[in-house]
């Protein structure tokens, strides 16, 4: 239909954005000293260093895991929708490919220029993927209800807001948030929820029959879930300091997620009709443990501490999916397709709180000398309590940024100029995609299957 | 139905287990010196070491590959069952998340405490995933026929038995088994087969029509297969000594698996009706080469030696799937859903034998000085022949442990208190899961869809 | 049917090939000095080196990514065909498992023997996977139209031609081609296209209804696409020099692909009916940026340069899928199932050109001292312009090798002795596989198939 015809809007948006990016990169972006041929060789000579000490080897494996989470994890987790798989994977792909380039510029600007240039390397790539993650979280709240043009535009603004917030938290407030419980999860979730509220669709129940999964789409989604779960330790540790920090963050996240999984299965069965498990919980809530130790992961949270946090996160998240999301939809008019509030919102706040508490307990007895985790405390610039307070303020700033930014961007996206779908055909690939046939056998498959499920009940 | 209602049993089991784990971790588990902030920084000063030498960098990439094998490899390989995909992936997920925590304790205890504490780091994480692997192998034999509560309980016992067996083999008998041909594959397979025998279901043919795949479930299973195949080199090398050992183990496994694949296709076509290939063989037997060089992988097996072993393993495994499994089911009453006897059982024994033979041939001419592979031989404590004998005894011990342990645990699991399914509805997700509609709705969906896509055009 | 019965041909081919491989490996192949226990320990002593400096740690993570691209990336990308998923994934698996062993020998021979032996290690494994990649590209052109026996035989020849071409380019002409724009992509594509031309099937439209995707097969294919996209940076950097080279190549590839994705979505929507996107473009053209910086990736291409190249590649590729492929099929009689000309052919040539231009601009101002990228220029053996000319000649040699080799091998494969399918039942798994029920369609399929198989016998 003309209303959802992308032919003018999408090519124009993509081309304009990419041309601007290329021009800005030409003017502003350079290889950093570990990536540039001349600078690296100069470094080797001056510091008598070895090629084996190029930061590439100490960050790239973790970077690749983060990259897989962004493109496979998020992309496939959202394929649970029965008729929106193409859009889920491919719009995720598109937004992420754009956002990581734009984030390189935004974060580079805030991070500090070198002689008027932004320097890039594996660490800036990790940070760009982190920023992209928060845009994809917001996408999750809006999944099925926007055009790709709206998503690209949202990314333009959200990346800028993310970079600003990140700068305020990490550079001004000197907060620690290695795994982004605040900068990525809390920010991305509440920003997305506010945008969803502004874009509230009163007739969305007309598309209700598509806002759900079918058997095999739930299996595709599990590909996403399992990858996110397995690689979250790399995510939380990717930009922590070399050595024990990376190692410890991986362990804390690993144990938090393991405990979270047990909690999720327990809660899901407890609240399910006939004690049955719900795939939505397993797909999403089992990941909350990773979010909840995003901030504290690099701290001396202790293994059992990580497990306790993870168990709590899985419990809260599952109960959120079961009881809170319906309420938020009815009372607050927030139509949160993926339930990001339950996976990234509440666990993000939990992560910030756990981080604040753990930071306020940082002592020399626990951390020893020369801690990379709390350089300011160790330099004597402020006490552990003060660090804890700064963490708490950071949470407040993040929420404020997400709420205000979400309202503004929400109204920008409300303009009817982006080829968005009407309420009646949301969660539907056929609007934006040439969708192939499905096969007659599927239809017969349905009949045969429902007969068989009946048999044991009747016997 | 009340019989399979998990609402009391599963939450109770998960919560009790996790709480016990958290308490035990609180009392017993600490970060090791490469993960603890204070200890690592002390180490850096005392030994004038660098953060770049933290063991994290030399083990984590392999750990991540092992982790993917456990959660994606095993989890998706078992999705071949047409109506058990949810349970396959998700119960695999649940058991593994529990087992890795419990294994950390069990193995930590046997490995040697440090001042009454268990120290954890990336190496303990690898070992915990290894132990988990053997539980998942046993799950493969029972796939479709148990409740998740039975699986968790089985894991409690199996992890303990695994850790005990591993201790006897590696510490007492001084055997080598880096890739677990004995400790993981032989043990996990025969334990699972014995449990399956004890839990024999006389009426299982009533569920026979679901104990098979459909077209797309076979494709999901190939995701599992391909990941297991690609990452097996990391699995076999993950805990070998740094340097040439890791490098060589990777190469041996890589070539063994390549040859195994050719053998599998050859045998499958040879025994197939009309020369047709059978996906079951490609999904499973093509992996046998990895199992068969689990023990010898770190030894100087030579590339062609690895290929010969792999070729033999693929042949044995495929013939096992075709001819042996049906016999085992009819005559021995062992209902082995995934055919673990063909992939882990026989190839595990082959791996033990190859390891024993290769060990008995260890000489200085081949290994040079200071070999990490056979420290006892090099210290002059025993001869290569004696090492070979110790390897053989280890196989016998493993089989004994698996058989006796399997009988005991089998009878514990036979109690009708775990919400297990009756013979008539095995291999069925709908018992434990809220399963979404499948495809009737697709047809109606198709009609509704074309109507709705028309509406905006008409309005 | 007897015509497509693999029972004699496939087992014979696999066994003979594997036995020959094992014998040749026994006679010719040894561990290199980083993999051999004695040699490595001798090296440690002589050079006072550390186990941590074993090349394994500096190449294996990238190797694993390349391995995933070969087995998951290519394998699943080709599952878009609705009834050929088994063959796509599994024949990919089979050919690759064979080709990597054969390539080890061929490349080892050309690379230079050590005392009459071929030395293997992680770097030879990467190179073997690279060579395998080009065979899989050719498979893409022929997808659905050959028997696995033909594919194995093609691999025997193609690997030899690849190794010869690679030697001429890299050792004789001293060209640079780290990511294989010429050696892998251009070569593999044009070789495959020429073979496809020789094997032209005049009645292929009888199988037309199967030469397409269905909804879920397009999602399986996206698994392949996303993995190829994410890991291409590792592919292009896998054999570059340690240090800045690997780091820079990763960045160039990463940015090229991001820009390529935006271009692909833009073009796809622009040329699509009603502005709709086409999954074929997203699955394939979005990857062209990786191919197009294969040669120049390790050079100082600059981030914006990489993005410009990627954007151009995505544009060319998408337009190729839309407008050129149909023309090539009608006018040139090249039936290119996967459109490899659009993803590997044209972008490969673009990559060669970009590489030639970038090389001709190599100056000391840009590269500094001691550049690993252009050792010959730095040794003063030839100028940058000369390097550029050598790059251009290399492209011509590659095309010549592909075209001549493709004709010869094409005619060898045209012999009717390989159990290949007739035109009427191409793109169909049921010929070579025991295909599980899909429910009713299998039954109809059986009828249709036996009718169709009868036709050629009757004509």
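Each residue, glycine too, has its Cβ placed from N, Cα and C.
Note that this is a predicted model, so its numbers are computed, not measured.
According to TrEMBL, the feature domain 'Ammonium transporter AmtB-like' maps to C:46-415.
Here TrEMBL flags C:12-31 (among others) as transmembrane segment.
The annotation transmembrane segment is assigned in TrEMBL to C:66-86 (among others).
If you look at the transmembrane segment (C:93-113), the same-chain residues 6 or more away from its ends with a CB under 8 A from one of its CBs are 14, 17-18, 21, 24-25, 28-29, 70-71, 74-75, 119-120, 124-125, 127-129, 131-132, 135-136, 139, 148, 151-152, 155-156, 158-160, 162-164, 166-167, 171. Residues annotated as transmembrane segment in TrEMBL: C:93-113 (among others).
Note on the transmembrane segment (C:125-144): residues 59, 62-63, 66-67, 69-70, 74, 78, 81, 84, 87-88, 91-92, 95-96, 99-101, 103-104, 106-107, 111, 150-151, 154-155, 158-159, 162-163, 166, 180, 183-185, 187-189, 191-193, 195-196, 199, 207, 210-211, 238-239, 334, 336-338, 340-341, 344, 426-428 of its chain, located 6 or more positions outside it, place their CB under 8 angstroms from a CB of the stretch. The transmembrane segment annotation in TrEMBL covers C:125-144 (among others).
Summarising the annotation, TrEMBL assigns transmembrane segment to C:151-170 (among others). Beyond its flanks by at least six residues, the transmembrane segment (C:151-170) meets 13-14, 17, 91, 94-95, 98-99, 102-103, 106-107, 109-111, 131-132, 134-135, 138-139, 142, 176-177, 182-184, 187-188, 191, 195, 394, 397-398, 401-402, 405, 408-409, 412-413, 418 of its own chain at Cβ-Cβ distances under 8 Å.
The annotation transmembrane segment is assigned in TrEMBL to C:182-200 (among others).
The feature transmembrane segment is assigned by TrEMBL to C:212-232 (among others).
Residues 179, 229, 232-233, 235-237, 278, 281-282, 285-290, 292-293, 296-298, 301, 303, 305-315, 317-319, 322-323 of the same chain lie 6+ residues outside the transmembrane segment (C:252-272) yet bring a C-beta within less than 8 angstroms of a C-beta in it. Residues or ranges marked as transmembrane segment in TrEMBL: C:252-272 (among others).
Feature annotation from TrEMBL assigns transmembrane segment to C:284-301 (among others). Residues 77, 176-182, 184-185, 225, 228-229, 232-233, 235-237, 240-241, 245, 248-249, 252-253, 256-261, 264-265, 267-268, 309-314, 316-318, 320-321, 338-339, 342-344, 346-348, 350-352, 354-356, 358-359, 362, 366-367, 373, 391 of the same chain, all 6+ positions outside the transmembrane segment (C:284-301), place their C-beta atoms under 8 angstroms from a C-beta of that stretch.
Under the heading transmembrane segment, TrEMBL lists C:307-324 (among others). Beyond the transmembrane segment (C:307-324), the same-chain residues lying 6 or more positions past its ends with a Cβ under 8 Å from any Cβ of the stretch are 255-264, 266-268, 271, 278, 280-281, 284-286, 288-289, 291-293, 296, 301, 339, 341-343, 346-347, 350, 354.
Counting residues 6+ beyond its ends, the transmembrane segment (C:392-413) has Cβ neighbours under 8 Å at 146, 150, 153-154, 157-158, 161, 164-165, 168-169, 173, 175, 177, 182-183, 186-199, 349, 352-353, 356 in the same chain. Summarising the annotation, TrEMBL assigns transmembrane segment to C:392-413 (among others).
At the 8 Å Cβ cutoff, the transmembrane segment (C:212-232) and the transmembrane segment (C:66-86) share at least 3 close pairs (sequence separation 6 or more) and count as touching. For the domain 'Ammonium transporter AmtB-like' (C:46-415), the model gives a mean pLDDT of 95.
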